[in-house]
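K.L.:
Checked TrEMBL, it gives:
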TRANSMEM  42-63  transmembrane segment
TRANSMEM  83-102  transmembrane segment
TRANSMEM  109-130  transmembrane segment
TRANSMEM  136-159  transmembrane segment
TRANSMEM  171-190  transmembrane segment
TRANSMEM  210-228  transmembrane segment
TRANSMEM  249-272  transmembrane segment
TRANSMEM  284-302  transmembrane segment
TRANSMEM  311-333  transmembrane segment
TRANSMEM  339-365  transmembrane segment
TRANSMEM  377-401  transmembrane segment
TRANSMEM  407-428  transmembrane segment
Amino acid sequence: MSIEDDRLTIHDPEQVNEKYSKEFSSEDQPLPPTVSDSGLRAWLVVLGSFLAQFCTFGYTNAFGVYNDYYVREYLSEYTSSQISWIGSVQLLLTLSTGLFTGRAFDAGYFYHMTIVGGFTLVFSLFMLSLTHPQQYYQVFLCQGLLTSIGIGLVHVPSLAILSQYFKRNRALTMGISTSGAAFGGTIHPIMLNKLFHGRIGFHNGIRASAGFILGLMVLSVALMKPALPPTKQEGSLFRDFRKFLREPPYLLTTIGTCFIICGFYFPVFFLQLSAIQQGISPRLAFYSLTILNGASVVGRIVPNLVVHRSGVFNAVIFCTIACSALVFCDLAVKNAVGIVMFALVYGFFNGTYAGLVAPMAASLAKNDSEIGARMGVCFTFTGTCSISYLPIAGAFLSASFDWWKPFLFSGLSGLTGTIFFVVVRYLLVKQRGTQFV
């Protein structure tokens, strides 16, 4: 600008204000918060998220212990299919609440959900300890409904908060967090089997388990702290719903996860019962879930160290193919060595997939402010599909324990889900111009 131009603007206050607002507005305005990808505060949040997953989805992963105890003793007057509805509704509500909790997390209601969810979970377990044998409705209300709501309120927020601290290492930290669910699936079955079948018994065993979870949930909530201010929510929940599902990659990914959950949870929930029915010693059968979930811990962490290089969809497709093949192979398992090998290998690949579901949904987000909502919508559909799957598998199993029918159904469901992921990968490769998607 020339000297004459400066003289003109000096005598015109409006031009002066306009001139200096343009020159200095970008410097005066505070920069938006950015993810740090490091630091003690960030890694304490990872620890808190790990503990939250340990107490919530980790407890869901131990349902196989309850399922075995209900089928053989506590609810023995009911069929496997009827009892499976408890686990199905638990999965449904745990995942489908993500439709609301994801958006609520983005709006700043993190502490509201985690505190209320943790309280509801502990309260439901104490109520479960007051139920009576052969009273199906009591168990269903406590474990199928209340427990699920508590877990659902904590699940998505405790994962989504990691996106506020990590970007490059997001898949790794989410893998570490979800390994808490696998680690919980390792510890809870040992503890519950010892309590239920020992001198403490079923009811007092649940109370001890509830007290243990209470202490860890208090620590978890204390460690987790949102790093970013709430996002102003534009539009409605159903507007987001329609917006996401109009994107072919996101829609096909969601459908794929629905088929996958129909394929991969049957071995987790029925492994202990399957081992006992095939004549494996109860002592080893009780540890089968522990072995599977222990391998799942490794699967949720180790592959996530390199997934940012290979691409999340490439890793997911490899894992789902492996899991589907292993489900078919389990039809040939008839001895203790086979049970242990299946638990180890299947646990690893199943854990890898479970650790990549959240990063996979997050990778399709247009910006970080909608990560929670996208995870929530995806988990909602997944949970809705899960409600019918386990009862169907239980009906295939029937009172005669025809194990080949539900395993065949599980394997085919897994392969169908994999096909959808392959199509999504093809679309993303065309959009992004790289094979590493």
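Just so you know, glycine gets a Cβ as well, placed from its N, Cα and C.
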K.L.:
Quick one: do the transmembrane segment (210-228) and the transmembrane segment (284-302) have at least 3 Cβ pairs under 8 Å, skipping pairs fewer than 6 apart in sequence?
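P.N.:
Output no: the transmembrane segment (210-228) is apart from the transmembrane segment (284-302).
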K.L.:
Determine which residues of the chain contact the transmembrane segment (311-333) at the Cβ level, with the cut-off under 8 Å and only residues 6 or more beyond its ends counted.
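P.N.:
Apart from its flanks, the transmembrane segment (311-333) reaches 171, 260, 263-264, 266-267, 278, 303, 339, 341-342, 345-346, 349-350, 352-353, 356-357, 359-360, 363, 403-404, 407-408, 410-411, 414-415, 417-418, 421-422, 424-425, 428, 434-437.
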K.L.:
Any residues 6+ beyond the ends of the transmembrane segment (407-428) with a Cβ under 8 Å from its own?
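P.N.:
Cβ under 8 Å, 6 or more out: 248-249, 252-253, 255-260, 262-264, 266-267, 313-314, 316-317, 320-321, 323-325, 327-328, 330-331, 389, 392-393, 396, 437.
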K.L.:
Go through the chain and flag residues at least 6 beyond the ends of the transmembrane segment (284-302) whose CB is under 8 A from any CB in it; none is fine as an answer.
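P.N.:
Sequence-remote neighbours of the transmembrane segment (284-302) are 61-62, 64-65, 172, 175-176, 178-179, 181-187, 189-190, 193, 197, 267-268, 271-272, 275-276, 336, 339-340, 343-352, 354-355.
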K.L.:
Among 136-159, 171-190, 249-272, 339-365, 377-401, point out the range having the most Cβ pairs under 8 angstroms from the transmembrane segment (109-130).
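P.N.:
Stretch with the highest Cβ contact count: 136-159.
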K.L.:
Of the listed stretches (83-102, 136-159, 171-190, 377-401), which one yields the highest count of Cβ-Cβ distances below 8 Å with the transmembrane segment (249-272)?
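P.N.:
That would be 377-401.
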K.L.:
Other than its close neighbours in sequence, what residues sit by the transmembrane segment (136-159), given a CB gap under 8 Å and a spacing of at least six beyond its ends?
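P.N.:
Contacts with the transmembrane segment (136-159): 48-49, 52-53, 55-57, 59-60, 66, 70, 74-75, 78, 82, 85-86, 89-98, 101-102, 104-105, 110, 113-114, 116-125, 127-128, 174, 177-178, 217, 220, 224, 358, 372, 375-376, 379.
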